[in-house]
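Presented below is the structure to which this report refers.
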Amino acid sequence: MSNELESKNVSRLFFKFAVPSIVGMLIVSIQMMVDGIFIANTQGASGLAAINLSMPIILFTNSIALMIAAGGGVYCSIALGKGKFKRANEIMSFTLQIFVVFLGSISLLGFLFINGIIGILGATEILAPLVKAYLLTMLVLNIPYNIPIFTEGFIKIAGKPNLVFLSCMICLTGNVLMDYLFIIKLDMGVFGAALATSIANGTAGVVLMWNYFKNRSRLNIVKPNGSRILLGKILYNGSSEMLTMVSSALATFIFNYILIRRIGEIGVSALTIVFYVNTVVNICLFGLSQALQPIVSYNLGARRTEQIYKVMKTAFFTGGSIGFFFFFVMKFNSGPIIRVFSKDNVDLMALTGRALSFVVFQYLFSFVNVITSSFLTAVEKPMESAAVAMCRSLICVAGLLFILPIFLGEKGLWLALPLGELLCMTVSVPLLIVSYKKIKIRITKNLV
């Protein structure tokens, strides 16, 4: 079987990996927005607020899944780059094993301590039952909900990125049909939304998982062969991906905490709509980073610095184009999108419109930080990647959330996101330059 990662034309290879990934992840974002549309039009602002209050915990579970899948994926890609195919299979299988154990443990803990978790999230007396119905379902079905993170990541490493599109189409189709059944026909509310999402994701994951049991695949499920050392390396190298999501979770928690006290339930509902829009942009950028990682890791293992430079140049140009496109679309034509979620709630429409008019400026900067963080993970620089992730999602944004509203009021809340991205670039850009120079030195001295 030919190895696509050996391609000399890395720009073409990047788009071959990135386009299915972006399209697939856009389908995932549409899937999330469909949930929001169904909930907004049946449960109103309270339903949207309940979902957003649940997001810090859901993002935390995503972060654990990403940490394991990304960390294992890097070492699997490097093994393939060195021609160690058996070892690559063993690493993938070991990664799957710890994926199931870690997420299963989270499901158990979430089930046991759900009431305490809801209290920490700050749900009001009105929102608490809705949060519990949604969040408990997502936690119990944690493994099927997150399994596409594993299957889609490794299917690209196996050289079959187009199958990601299949997985995402299964997710979207299944989720829309089950949302209609559970929410509209059976009137199951937010519980139905969580159930539909988890079942759809699990089905897509099972379909892709079947590929790993076929001998013609470059990667196959075999008997796991790992160790505590390998486990530590996987968790360490994937920690930046985890911290990216954990930082987002904490930032969301802080945002919710401040909004529910300054503006009330409608503020959290407006933030939910803003986050739905942001998710589309961020998922496109994450699709680029997912395409970038196996190519960079493989060429690091193969000691090809020129190929790494070319693919990074392509990634930044593409990410910038995506950012500018969404900036202009949402800056000047956000009204129709807001109306889909607001169900003729004039106050919610007005608040969300004001919020987006400031938030969209982050799209001009965020691609630099997302791509840089992904690159640092791919070249085994997890702490540097974690520093970017922490600055981007938590340190800069959280600090600004507490400071800016004092001087700018409500406007300061929404400006925290773009200004946080801009401040983060003062960390990410120097780290990118230094890390790339160190890679060239390591390869020159035969240290890779």
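Placement of Cβ uses the backbone N, Cα and C atoms for every residue, glycine included.
Heads up, TrEMBL stuff is auto-annotated, nobody curated it.
Pulled from TrEMBL:
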TRANSMEM  12-34  transmembrane segment
TRANSMEM  54-78  transmembrane segment
TRANSMEM  98-121  transmembrane segment
TRANSMEM  133-151  transmembrane segment
TRANSMEM  163-184  transmembrane segment
TRANSMEM  190-213  transmembrane segment
TRANSMEM  234-260  transmembrane segment
TRANSMEM  266-288  transmembrane segment
TRANSMEM  308-330  transmembrane segment
TRANSMEM  355-379  transmembrane segment
TRANSMEM  386-408  transmembrane segment
TRANSMEM  414-436  transmembrane segment
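When each of 12-34, 234-260, 386-408 is checked for Cβ pairs under 8 Å to the transmembrane segment (190-213), 12-34 comes out on top. Between the transmembrane segment (386-408) and the stretches 12-34, 54-78, 133-151, 163-184, 355-379, Cβ pairs under 8 Å are most numerous for 355-379. Using the rule of three or more Cβ pairs under 8 Å, pairs at least 6 apart in sequence, the transmembrane segment (234-260) is in contact with the transmembrane segment (266-288). With respect to Cβ pairs under 8 Å, the transmembrane segment (54-78) is most closely packed against 133-151, considering the stretches 12-34, 133-151, 163-184, 308-330, 355-379.
Packing against the transmembrane segment (163-184) from elsewhere in the chain are residues 20-21, 23-25, 27-28, 30-31, 34-35, 38-39, 42, 148, 151-152, 155-156, 191-193, 195-197, 199-201, 203-205, 207-208, 211: each is 6 or more residues past its ends and has a CB under 8 Å from a CB in it. Same-chain neighbours of the transmembrane segment (308-330): 10-11, 13-15, 18, 277, 280-281, 284-285, 288-289, 291-292, 295-296, 299-300, 337, 356, 360-361, 363-368, 370-371, 375, 379, 436, 439, counting only residues six or more beyond its ends whose CB sits under 8 Å from a CB of the stretch. Sequence-remote contacts of a segment are chain residues at least 6 beyond its ends whose Cβ falls under 8 Å from one of its Cβ atoms, and for the transmembrane segment (355-379) they are 70, 74, 77, 237-238, 240-241, 244, 270-271, 274, 277-278, 281-282, 285-286, 288-290, 292-294, 296-297, 300, 308, 312, 315-316, 319-320, 322-324, 326-327, 330-331, 334, 338, 385, 388-389, 391-392, 411, 413-415, 417-418, 420-422, 424-425, 428-429, 431-432, 435, 439.
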